[in-house]
Amino acid sequence: DFRKAMSQAGTSQFQEVIRQELEYSMKVELDKILATAHSNELQHTKKDLEGFKKLFHRFLQEKGPSVDWGKIQRPPEDSIQPYEKIKARGLPDNIASVLNKLVVVKLNGGLGTSMGCKGPKSLIGVRNENTFLDLTVQQIEHLNKTYNTDVPLVLMNSFNTDEDTKKILQKYSHSRVKIYTFNQSRYPRINKETLLPIAKDVSYSGENTECWYPPGHGDIYASFYNSGLLDNLIAEGKEYIFVSNIDNLGATVDLYILNHLMNPPNGKRCEFVMEVTNKTRADVKGGTLTQYENKLRLVEIAQVPKAHVDEFKSVSKFKIFNTNNLWIALSAIKRLQEKNAIDMEIIVNPKTLDGGLNVIQLETAVGAAIKSFENSLGINVPRSRFLPVKTTSDLLLVMSNLYSLNAGSLTMSEKREFPTVPLVKLGSSFTKVQDYLRRFESIPDMLELDHLTVSGDVTFGKNVSLKGTVIIIANHGDRIDIPAGALLENKIVSGNLRILDH
């Protein structure tokens, strides 16, 4: 035992020496990069690299999935409230004064690359020529006009989306919404083998674009604080931010949740509210809320030990998942940021660059900070508040007659008999937005659709109706053209347009 203890001590000492050497080498490389910065970019580059250094230090300290599965408990009954209960309280007469304390923040760092688009994802057209950004501005403008309020919109851009977004913002100069932007940090990607940055200088254009990355939306706390915007909004009397992904078309300002925050029934305000919704089979990988060491905690699939992944995915044990619609007190962000007390798990995101080099990105997620805030709460909201558009399959749903558009908000058509959304799977021929648009002469009628799978070279004529379960599979080398005006109800279409009953 003595020998075993000695060898363990030797191993941990050896690991500590390696860690220190890695940190020192990283510091040397980052100093070299910083030395290439022009005076006008020195300050923010320094802040970015300091933030990265802290994250890298933690990455070297922490090992493996960071949850102890034995400590995970179901959240206490009252820690996740049903939305119906929150709504039943109604609204106060002075809803305008409550709204004037709110700031809407949209996470706008992502590019449309996964859907084959160049530039910021927020500028993709999703409905009647409107982009994600158009719809967001319309929603807030509608609020401000209806209640005579001044709810501003804040966009957290990344270095990838900032320039294009700022150009487009000029078109809203006459709208009744103040729009602010700040940039999330820019961190260096690191070589998976050497654990050193692949960047040699601060530039991030041309061949250097692949050397840098925005470190996930958990970066919002530091970037928002560092930008000075947080202090400015507090000085203007703002108290809460409502944060959501710009591609979640269900994430509109909810007055009942806002009222619950500002006028809590027990008199004690929540600093952090996470909207969660019931899992379906399609959401088994979504992060879930648990009770862990007497705090509400978000657990993501990447943190789950391998032996427990199936249990984590179980819809019966973990019934809800995080929508990433969050309501957070500005004063709490400021307090925790100044104490350096926001604790978020590190997400290690491996990537392979175009040239074949394996790199890793160290990221954090905004919702993971829930455990650092006081009096946190989950609210189980209707599924309609989670309507993300990640793929062209999602795009087909939001473009269809399943939804109607009113003042920038999408609502499910009353003609749809089921409140659930159909399951749509479009094959690889539809992945890119331009290919997808080319394959539909008009968006089919989907009011009575349950399930649609399309694979291969398939096109749709005008005024097609899809009902029940429809599966269309064109084999390699075949092409299927669904004729204009066709009605497909519980059909399997395969080969060269043979239509069979399902």
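Cβ coordinates come from backbone N, Cα and C, glycine included.
Predicted automatically and left uncurated, TrEMBL annotations should be read as such.
These figures come from a predicted structure and were not determined experimentally.
Lifted from TrEMBL, the feature list:
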- Lys121, Gln184, Gly216, Asp247, Lys390: UTP binding site (BINDING)
- His217: substrate binding site (BINDING)
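Overlay of TrEMBL feature records on the structure.
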residue: Lys121; record: UTP binding site; Cβ neighbours (10 Å): 24
residue: Gln184; record: UTP binding site; Cβ neighbours (10 Å): 27
residue: Gly216; record: UTP binding site; Cβ neighbours (10 Å): 23
residue: His217; record: substrate binding site; Cβ neighbours (10 Å): 24
residue: Asp247; record: UTP binding site; Cβ neighbours (10 Å): 22
residue: Lys390; record: UTP binding site; Cβ neighbours (10 Å): 14
Review point. Could you give the Cα-Cα distance between His217 (substrate binding site) and Lys390 (UTP binding site), in whole Å?
Key: 16
Study note, to complete from the structure: Widest Cα pair spacing in Å over the listed UTP contacts Lys121, Gln184, Gly216, Asp247, Lys390 is 21
